[in-house]
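Here is the structure we will look at.
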Amino acid sequence: MISSSNHHCRQLSSLKNAQKGSLAIAIISIILYTPMLYCYKANLNYTPLKCYGNSRSCRILTDTTYACYSVLCPLALMTIFGAMTILNIRKSRDYSESLTPTVAKYLSRESTILLNRQKQRWKRLNCYLCRMLALQTILFILLTVPQTIHKIYFTVASNKYSSSLEYDFDRFLYKFELLLPFIESALPFYIYILTGGKIFRKALKKLFLCSK
């Protein structure tokens, strides 16, 4: 929002609106996960976890909720808003470059050099953002989609295992996949630091220096 050239869109990017959005997401999350109170049951057999959906209809409901709300919606929003941010930065850069020939006539040599450096900075920032968005999207898919697919597979293939070994292997695999979304939650920090250029590293360094 804050990168938009539209004044009204920039006004939406405020702490108050962020707090309202966080509250709305918390309320929606509580509503969407209320089926767990009556759907989940303990000490079940042939399920990935001992505490799981107690019927096929409950599992379909919880699987669909998880797939849509925890995977598809965040992925779509991350891609859309990330692409919009990059597009807004490119528009600002193109507008700045269109004014450069006109402004350059009235600038000194030193000012022209500074203007060219600013243009290079815009290009680097655009490159960093594209790299970060692509990497974050790919890792989000790799770390969240396998669990979602396996969750649906368990619902479809429940009570159809030919041997206990097959069931134990599937259960072990699901428990491993269950850890992947937690890794994904911490990844943005490392992505920003490693692929975000000097901007994020300087901000992190400043944060550590201020905390001392």
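Cβ atoms are placed via backbone N, Cα and C, with glycine included.
According to TrEMBL, the transmembrane segment annotation covers 21-38 (among others).
The feature transmembrane segment is assigned by TrEMBL to 69-89 (among others).
Annotated transmembrane segment per TrEMBL: 125-145 (among others), in sequence order.
The feature transmembrane segment is assigned by TrEMBL to 178-197 (among others). Within the chain carrying the transmembrane segment (178-197), a Cβ under 8 angstroms from the stretch's Cβ atoms is held by residues 70, 124-125, 128, 131-132, 135-136, 139-140, 142-144, 146-147, 204, all 6 or more beyond its ends.
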Short question: which residues 6 or more past the ends of the transmembrane segment (21-38) have a Cβ under 8 Å from it? 58, 61-62, 65, 69
